[in-house]
């Protein structure tokens with residue numbers, strides 16, 4: 001086909017004549033020679049006139065047929081699924097160890113055991129020191145009695161709380177509760193340690209420097225001081241666990 005190759009394409013017929021038709025392809029009007037249901041001969045732009053000498057064929061439709069074809073053969077364009085979001089592999093980020101999963105924290109069996117030993121040794125230290133008649137004459141021994149008394153009451157109260165939490169299966173990993181536990185353990189353990197150190201100094205002074213154990217209850221003083229140190233050793237893990245839990249939040 002001369003000047004414009006439209007062979008094999010489908011175009012919309014705009015005007016009909018007996019031997020000449022005007023068609024539209026790609027929004028451009030063309031003139032053509034028509035015979036039967038085929039355009040025969042040259043296809044040129046309308047302004048250049050007709051052309052001849054070609055044997056190309058072009059299938060045409062009227063505007064009404066084109067509308068029917070568009071309705072009956074609606075184009076459906078598939079939509080591709082969006083790529084799935086890249087999930088972070090679990091194996092690359094292992095779960096962090098939660099503090100409430102560690103034995104020794106409040107509300108655990110080891111926590112109850114620590115509280116029991118704290119109370120036991122503090123109460124024993126208090127009882128041994130209070131059994132002597134001359135401890136009120138030494139300020140360090142009075143301080144030891146007060147510190148171990150406070151330690152035994154605090155440990156007994158928290159032991160009861162831990163037992164209740166275990167029985168009702170309730171977690172004590174509340175920020176306010178952990179703050180109270182950490183502060184209380186820090187204060188009581190510090191007082192117990194200071195009282196034990198002071199009592200140990202007085203005991204060494206009486207026994208080694210003054211050599212007056214015969215007139216004093218050195219055995220009871222040393223025993224009470226040793227029990228106070230053991231109570232402090234039992235209270236230290238509770239304080240460290242609570243402080244670690246509080247700092248990791």
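Including glycine, each Cβ sits where the backbone N, Cα and C put it.
Copied over from TrEMBL, here are the features:
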type	residues	note
REGION	75-96	region 'Disordered'
DOMAIN	105-234	domain 'Casparian strip membrane protein'
TRANSMEM	108-131	transmembrane segment
TRANSMEM	143-165	transmembrane segment
TRANSMEM	177-206	transmembrane segment
TRANSMEM	226-247	transmembrane segment
> Which bits of the chain, at least 6 residues beyond where the transmembrane segment (177-206) starts or stops, bring a Cβ under 8 A of a Cβ in it?
Replying inline: 106, 122, 129, 138, 140-141, 143-144, 146-148, 150-151, 154-155, 158, 212-213, 216, 218, 221-222, 224-225, 228-229, 231-232, 235-236, 238-239, 242-243, 245-246, 249
>> For the transmembrane segment (108-131), give me same-chain residues lying six or more residues beyond its boundaries with a C-beta closer than 8 angstroms to one of its C-beta atoms, as numbers and ranges.
In response: 102, 141, 144-145, 148-149, 151-152, 155-156, 158-159, 162-163, 166, 192, 199, 220-221, 223-225, 227-228, 230-231, 234-235, 237-238, 241
>> Per DSSP, what is the helix/strand/coil residue tally across the domain 'Casparian strip membrane protein' (105-234)?
In response: 109 helix, 1 strand, 20 coil
